[in-house]
Amino acid sequence: MSDEEHQFESKADAGASKTYPQQAGTIRKSGYIVIKGRPCKVVEVSTSKTGKHGHAKCHFVAIDIFTGKKLEDIVPSSHNCDVPHVNRTDYQLIDISEDGFVSLLTDNGNTKDDLRLPTDDSLLSQIKDGFAEGKDLVVSVMSAMGEEQINALKDIGPK
């Protein structure tokens, strides 16, 4: 045995993978797919027949779930694609800070203070107006591949 000590620095975070493999031919419209490293919702799928050389191909048109940008990809239908683990969680809105962060109440009674207000103008104004009126608001937070963003709002009545 060696007397040397080895220090290992792990660059990856522990825990579950951000994506899972799925065969391209089985991914359907309104499913999720990773295109160019971004989690996307599939809006259109078309398949081409097998050519003289090669496989049938799937043409995916998808929208980035965080930025709203349209992305496209063509993959042989027998190949595996990365599919993001997408979670949607509802939190009660407690406070909006002046620097654009929100304070949210989790199910177990803790607060979550690391999310910014959404960039979508109509959703942003609905949240600010509802909060200013003193309504009880519940925001829906979508998370995938290490990113989180507020993407919907529910009004559960006055406080």
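The backbone N, Cα and C atoms fix where each Cβ goes, glycine too.
If you look up Swiss-Prot, you'll see 1-12 marked as compositional bias 'Basic and acidic residues'.
Non-local contacts of LYS52 (hypusine) by the CB criterion (under 8 A, 6+ apart in sequence, same chain) are absent. DSSP gives LYS52 (hypusine) a coil state; it is part of no helix or strand. The hypusine feature in Swiss-Prot is assigned to LYS52; the stated evidence is similarity to another entry.
If you look up Swiss-Prot, you'll see 1-21 marked as region 'Disordered'.
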